[in-house]
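> What Swiss-Prot records for N134, N158, N204, N242, N292, N337, N344, N353, N379, N410, N481, N619 (among others) is N-linked glycosylation site, and it gives sequence analysis as the kind of evidence. If you look up Swiss-Prot, you'll see 86-110 marked as repeat 'LRR 1', on the strength of sequence analysis. Residues or ranges marked as repeat 'LRR 3' by Swiss-Prot: 136-159. Marked as repeat 'LRR 5' by Swiss-Prot: 185-206. According to Swiss-Prot, the feature repeat 'LRR 6' maps to 207-230, an assignment based on sequence analysis. Under the heading repeat 'LRR 9', Swiss-Prot lists 283-303. Sequence annotations record features per position, and here Swiss-Prot assigns repeat 'LRR 10' to 304-327 based on sequence analysis. Under the heading repeat 'LRR 12', Swiss-Prot lists 353-377, citing sequence analysis as support. Annotated repeat 'LRR 16' per Swiss-Prot: 445-467, in sequence order. The feature repeat 'LRR 17' is assigned by Swiss-Prot to 469-491. Swiss-Prot lists 519-543 with the feature repeat 'LRR 19', giving sequence analysis as the kind of evidence. Sequence annotations record features per position, and here Swiss-Prot assigns repeat 'LRR 22' to 637-660 based on sequence analysis. Annotation source Swiss-Prot lists repeat 'LRR 23' at 662-685. Per Swiss-Prot, the feature signal peptide maps to 1-20. According to Swiss-Prot, the topological domain 'Extracellular' annotation covers 21-729. Positions annotated as topological domain 'Cytoplasmic' by Swiss-Prot, on the basis of sequence analysis: 751-771. Per Swiss-Prot, the feature transmembrane segment maps to 730-750; the stated evidence is sequence analysis.
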Amino acid sequence: MSNLRLRLLSLVSILYCIAALRCRPDQTETIKRFKNEFAFSSICRNDTNFFSGVVCDNTTGAVTVLELPGGCLRGTLRPNSSLFELSHLRYLNLSFNNFDSSPLSSAFGQLNNLEVLLLSSNGFTGQVPSSIRNLTKLTQLNLPHNKLTGDLPSLVQNLTKLLALDLSYNQFSGTIPSSFFTMPFLSYLDLSENHLTGSFEISNSSSKLENLNLGNNHFETEIIDPVLRLVNLRYLSLSFLNTSHPIDLSIFSPLQSLTHLDLHGNSLTLTSVYSDIDFPKNMEILLLSGCNISEFPRFLKSLKKLWYLDLSSNRIKGNVPDWIWSLPLLVSLDLSNNSFTGFNGSLDHVLANSSVQVLDIALNSFKGSFPNPPVSIINLSAWNNSFTGDIPLSVCNRTSLDVLDLSYNNFTGSIPPCMGNFTIVNLRKNKLEGNIPDEFYSGALTQTLDVGYNQLTGELPRSLLNCSFIRFLSVDHNRINDSFPLWLKALPNLKVLTLRSNSFHGPMSPPDDQSSLAFPKLQILEISHNRFTGSLPTNYFANWSVKSLKMYDEERLYMGDYSSDRFVYEDTLDLQYKGLYMEQGKVLTFYSAIDFSGNKLEGEIPESIGLLKTLIALNLSNNSFTGHIPMSFANVTELESLDLSGNKLSGEIPQELGRLSYLAYIDVSDNQLTGKIPQGTQIIGQPKSSFEGNSGLCGLPLEESCLREDAPSTQEPEEEEEEILEWRAAAIGYGPGVLFGLAIGHVVALYKPGWFIKNNGQNRLRGIRHP
């Protein structure tokens, strides 16, 4: 692949080098007309940003390069688009724009000077037009991640200069044309993630193919034999072939240039796995995940150039052999989701001298003490095992260690004092004791600290204020005795704070009782089942970021998503949602929740709750709140789950709650509410238990009928109505994101949180990432 990359990079460099800064007026006008055909994201509305991807020839002034930033264009790409008037284009990249399920236009065939055409992730539908054959100068054609259908086109018939062809992640069907393997210069071919079937023929070994990906198709017959004739292959992916016969690993011995082999999701013959077979000695990356292997493969011992090995999701049991740590170049090793119980060799030295930097041994049955980790370790995941004893202090000497996940084990003793050295620390669900070390140094890089479900005592360490990058802090289900950590609002990036089931106590409002809580970025605050007391000021929620969250405020889709090389980590947390308390993973970045339940809070629910426009879940149950349910709840338009049960609330339920279209769960039981239950569709569908324990309530879903069915709501006096209007006016002034919040509600309504139980392991996306 390196030669191919160099050639393509050289082409782009040449195109830019021969370009002038100025284009002919008619070309500039054509580009502007093309721009005006689409809706734009804010980053692309500026002409300077848009034209930064336009390059013109220094002699003719014609546009030769058009490379638009991903996500700028949104709309239909029509056959008469101004784009197709740019007949001198040599390089066109429109990837990652949204063309709204447009068909791939035959007008692309008019751009017959194109050498590079990149149309990845555009939403194109239908078949590839035959006019693509007119682009005889193409060296690279990328059409992946679209919705293209039909048989694989014979478009390559005239494209004799192609170096790279990527048709992956589409809906192509039928067989692979043999002409794909006779192209004189084709070095890269990716047909993965389609619906291809049947077999294909390769007449000779003259093909220049070095990179071939046929994974995740529906081949029903043998396709490996013809592939073995491609003797120049360096990269080969045959994952999830769905063939009826197991694969014999020894058949790959003719491919001596092979450095990368992906067979995950296939069945392998037992003899080839457990024998000293002849295997390509230049192998660097070998992916055998989910291959039904039950013993550690012996042939791996001879692969001295191997640097990435994936044996995850197999049935391997017993001890990890000590020779695996002696492979001189091994950097990434994934043994997760097997049945390993231990390690051969001394725990002090067996791993310590290894070159491994990324190690995943999660979801196994390891027991006993934890071995000293490799000296160069960067990412270490050992969650969901049965390790016991102390966490080895040697982790503090691993200066490269970035991610440490030892959660769901049986570790005892204290937390090592070096947690501020790491980006991710997850020690959840162990038996750790003592205080959380107060040794987070200035400039600590910690982003996630999860020590929930242990036996920790003392106070929250004030040195956490040095962790300016921290996003996720969870100390739930411990024995921490402290006041409400209002001082944490000085952390500029804190998004999730979980204090559930400890001995936190005292008031939650600031000392002057006037200021708002004002965490700058907090989205999830879970402080239930503590001993908090006092009341909340009216403006308590006035300055929270939850009021204006947008769906794509960040690049990450999931909260706490951390990726490094081949390692993926996502934060998980326990939340009560729609009446269920479960562990939640894959939390979308715009998800927001507040849980104050099970405390001793009193007074009225602050009217400022109505400012939290994008709040999705709110639980204030089992406190001593009094007064009316604020009518400002009607402004929390994204609310899906509301629990106010077990308080002393009085008056009527605001009829406006019946118009909250996403409210799928409401519980106001065991209060002192009166009057008619709102009759919105969402509320009528609730069980009657959600309204029981209020002697004055009537109407569906309760059996008590109301005497005056048409009586309007009169719970709020005129002065309070004026106050609510003031809150609504304040909400308008609190940010332009309010209207956009209504739009993302449609996505929120479809979003189902990733509920799962930890022991189910396979749903938790942690471990070494497939290339």
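A Cβ is built for glycine as well, from the same backbone N, Cα and C atoms used for every other residue.
Could you tell me the structural context for the features on the list?
Under the DSSP three-state reduction, N134 (N-linked glycosylation site) is assigned to helix. Non-local neighbourhood of N134 (N-linked glycosylation site): G109, Q110, N112, N158, each in the same chain, at least six residues away, with C-beta under 8 Å from its C-beta.
In the three-state DSSP classification, N158 (N-linked glycosylation site) falls within coil.
Sequence-distant neighbours of N242 (N-linked glycosylation site) (same chain, six or more apart, CB under 8 Å from its CB) are N217, H218, F219, E220, listed in sequence order. According to DSSP, N242 (N-linked glycosylation site) sits in a coil region rather than a helix or strand.
The Cβ of N292 (N-linked glycosylation site) lies under 8 Å from the Cβ of S267, L268, N314, R315, each of these being in the same chain and 6 or more residues away along the sequence.
Its own atom aside, the Cβ of N337 (N-linked glycosylation site) has 22 Cβ atoms within 10 angstroms in the protein chains shown.
Annotation note: N344 (N-linked glycosylation site) sits in a coil segment as assigned by DSSP. Long-range Cβ contacts of N344 (N-linked glycosylation site) within its own chain (separation 6+, distance under 8 Å): N319, V320, P321, D322, V350.
Using a 10 Å Cβ-Cβ cutoff, N353 (N-linked glycosylation site) registers 11 neighbours. Under the three-state DSSP scheme, N353 (N-linked glycosylation site) falls in the coil class.
Residue environment of N379 (N-linked glycosylation site) contains 28 other Cβ atoms, counted within 10 Å of its Cβ in all protein chains. Secondary structure at N379 (N-linked glycosylation site), as computed by DSSP, is strand.
Counting every protein chain shown, 13 other Cβ atoms lie within 10 Å of the Cβ of N410 (N-linked glycosylation site).
In the three-state DSSP scheme, N481 (N-linked glycosylation site) falls into the coil class. Cβ neighbours of N481 (N-linked glycosylation site) (same chain, under 8 Å, six or more residues apart in sequence): T457, G458, E459, N502, S503, F504, H505.
Cβ neighbour count for N619 (N-linked glycosylation site): 24 (other Cβ atoms within 10 Å of its Cβ, all protein chains included).
Note on the repeat 'LRR 1' (86-110): its mean pLDDT in the predicted model is 94.
When Cβ-Cβ distances below 8 Å are used as the criterion, the repeat 'LRR 5' (185-206) is approached by residues 1, 3-4, 139, 144, 152, 156, 160-178, 212-223, 226-227, 229-232, 237, 239 of the same chain, each at least six residues removed from its ends.
Each residue of the repeat 'LRR 6' (207-230) gets a DSSP state, and the totals for helix, strand and coil are 4 helix, 3 strand, 17 coil.
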> Looking only at the repeat 'LRR 9' (283-303), what are its DSSP counts of helix, strand and coil residues?
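Per-class counts: 5 helix, 3 strand, 13 coil.
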> Using Cβ atoms and a strict cutoff of less than 8 Å, what residues sit near the repeat 'LRR 19' (519-543) while being 6 or more residues removed from its termini?
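Distant Cβ neighbours of the repeat 'LRR 19' (519-543) are 476, 484, 488-489, 492-509, 513, 549, 559, 573-576, 587, 590-609, 611-612, 619, 730, 734.
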> In the repeat 'LRR 5' (185-206), how many residues does DSSP assign to helix, to strand and to coil?
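The breakdown for the repeat 'LRR 5' (185-206) reads 0 helix, 5 strand, 17 coil.
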> Count the Cβ atoms, other than its own, that fall within 10 Å of the Cβ of N158 (N-linked glycosylation site), considering every protein chain shown.
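There are 14 such Cβ atoms around N158 (N-linked glycosylation site).
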> Does DSSP give N410 (N-linked glycosylation site) helix, strand or coil?
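In the DSSP reduction, N410 (N-linked glycosylation site) maps to strand.
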> Do you know offhand how many angstrom separate N353 (N-linked glycosylation site) and N337 (N-linked glycosylation site) by C-alpha?
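Distance (Cα to Cα, whole Å): 24 Å.
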> What parts of the chain pack near the repeat 'LRR 17' (469-491), using Cβ distances under 8 Å and only residues at least 6 beyond its ends?
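Here the qualifying positions are 428, 436, 444-460, 462, 497-508, 510, 517-520, 522, 526-527, 532, 559-560, 571, 573-574.
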> Provide the three-state secondary structure of N619 (N-linked glycosylation site) computed with DSSP.
strand
> In the repeat 'LRR 1' (86-110), how many residues does DSSP call helix, how many strand, and how many coil?
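Across the repeat 'LRR 1' (86-110), the residues distribute as 5 helix, 5 strand, 15 coil.
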